[in-house]
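Peer 1: Quick one: the structure is below, and I'll ask about it shortly.
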Amino acid sequence: METRPEPFSWWVAFRNPAENYRNHPTYLVPDVIFHVIAALLLVHALRRGGRYPWLYFSALSHGVFTEVFSYWVPQINNFWHGQSTVMFAGQRLPSYIVCQYIAVIYTSSVAAARLRLGVFAGACATALVDSLYYHVFDVTGVKMLWWSWHDTDPNVYDRTYWVPWGSPYWRLSFASSFTLLFHGVHRLLGGQGMFQRSSLFAELGSAAVAVFLTFPVGVATQFVPLFHVVKDVLGVHAEVPVLMLVCIFVLIVWGADRSRPAEARTNTARPGWFDEIAVSVLLNFLTMWVVVAMATPEHARSIGLHQPTGPCNETEDMYLATGQVVQKGRYLCVTDYDEGYFDWHCLPGGQPPPHGMDWYTMCGTPYANRAEYLVVVGAIAACGIAVYYKLVALSAGDYGHDGSGKKKTKTH
């Protein structure tokens, strides 16, 4: 029987990367790549100045708050990350996930801002490209056992390629809310340009609101009235509200794009466009496709925290955001579950872990059709690179310190 190792403290725990290399080699890929991307984006933020560093550290703080809050609230505690080299918050939060929040939020926010759509439409554009950046990671990661989902939670029941439809909806709603709050509150507190640094009060206020209120605002304005009403009240498959929200955001962005300034439109690549943002995009999309192409997921052994095992017939009440009360399994039924991305074939005799375990080994499963995953992940990657190229190279540059998008020049 496996036992949970004693962590350094609740706050931080360490794992020898050689252990992951032996048991779960693909897991080293995001552990390295997203730390590299986060470092590159920090260089971009410091180089650009203005509000860019505030955006960077707000994305970091929002990621930590969102993750820890999700672990703490039973109604949304429905996923478990694998054990990376550095873990926080009771061995629940990998350091690379913190970096991944920076990567997806900062990259998408900066890229979408180059369209010059304004605060509201810009938030919708950010959400669309944010979800695209994240989705390739979502499809790849669950197949590689970088995390696992609760088996019977209604919020993650409807899935495609084992990705719950609530996951892209989460990125759409939270990215739009975060961006709207970060820039909108800054304007309300006296800020002039989107990335022009204002008073310390305005910067701290807008950052704090974005960090701590994105979650409730995203749930109240988008999850409850659309996702949960359509899915839970009307009984419609979860892909429908996701597509509805995508269509709403596309229409808003399309309408705003019809009147955006001439400086944000160009038919030739802007000089100096290949910067840290472009590298972030390429590393994210191409790395995920290479992982799918080269990995053998059936060799993965994810040793760590997972859904607790226990009796198959024990259920518990779950309160949905609409006020409905539904049932979900209290434990993972190790002999009757519907999670095709893991099994127990790598354990002695192929026997599942006993009841009462939350630290145990999951075994990856082979592709049913590797070509299908290559096509799906390749299509997402190709679409993502094409869309981001339009934003990064064929739109305006970053906002300058005056918020105009133009560098300040000295006058005499």
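Backbone N, Cα and C atoms are what each Cβ position is placed from, and that goes for glycine too.
Pasting the relevant annotations from TrEMBL:
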- 9-392: domain 'DUF7802' (DOMAIN)
- 27-46: transmembrane segment (TRANSMEM)
- 53-73: transmembrane segment (TRANSMEM)
- 93-112: transmembrane segment (TRANSMEM)
- 119-137: transmembrane segment (TRANSMEM)
- 169-189: transmembrane segment (TRANSMEM)
- 201-224: transmembrane segment (TRANSMEM)
- 236-256: transmembrane segment (TRANSMEM)
- 277-296: transmembrane segment (TRANSMEM)
- 371-389: transmembrane segment (TRANSMEM)
Peer 1: Can you tell me which parts of the same chain pack against the transmembrane segment (27-46), counting only residues 6+ beyond its ends and a CB-CB cutoff under 8 A?
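Peer 2: Residues 17, 20-21, 52-53, 55-56, 82, 84-85, 94-100, 102-103, 106-107, 110, 137, 141, 144-146, 275-277, 279-280, 283-284, 287, 291, 300, 302.
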Peer 1: Against which stretches of its own chain does the transmembrane segment (371-389) lie, if we need a Cβ under 8 Å and a gap of at least six residues from its ends?
Peer 2: 111, 129, 132-133, 135-136, 139-140, 143, 161, 278, 281-282, 284-286, 288-289, 292-293
Peer 1: Among the recorded stretches 53-73, 93-112, 201-224, 236-256, 277-296, which has the greatest number of Cβ pairs closer than 8 Å to the transmembrane segment (119-137)?
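Peer 2: Against the transmembrane segment (119-137), the leading stretch is 93-112.
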Peer 1: What else in the chain is close to the transmembrane segment (277-296), if you only count residues 6 or more beyond its ends and a Cβ gap under 8 Å?
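Peer 2: Tertiary neighbours of the transmembrane segment (277-296) are 26, 29, 33, 36-37, 40-41, 44, 103, 106-107, 110-111, 133, 136-137, 139-140, 143-144, 366, 370, 373-374, 377-378, 380-381, 384-385, 388, 392-393.
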Peer 1: So what's near the transmembrane segment (236-256) in sequence-distant terms, Cβ-Cβ under 8 Å and 6+ beyond its ends?
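Peer 2: Residues 115, 117-118, 120-122, 124-125, 127-128, 157-158, 160, 164-166, 168-169, 172-173, 176, 222, 226-227, 230.
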Peer 1: Give the nonlocal contacts of the transmembrane segment (93-112) in its own chain as ranges (CB under 8 Å, at least six residues past its ends).
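Peer 2: Counting only partners 6 or more residues beyond its ends, the transmembrane segment (93-112) has Cβ contacts under 8 Å with 30-35, 37-38, 41, 44-45, 52, 55-56, 59-60, 62-64, 66-68, 71, 81-87, 122, 125-130, 133-134, 137, 171, 175, 178-179, 182, 277, 280-281, 284, 388, 391-392, 398.
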Peer 1: Note the mean pLDDT of the domain 'DUF7802' (9-392), expressed as a whole number.
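Peer 2: The average pLDDT of the model in the domain 'DUF7802' (9-392) works out to 95.
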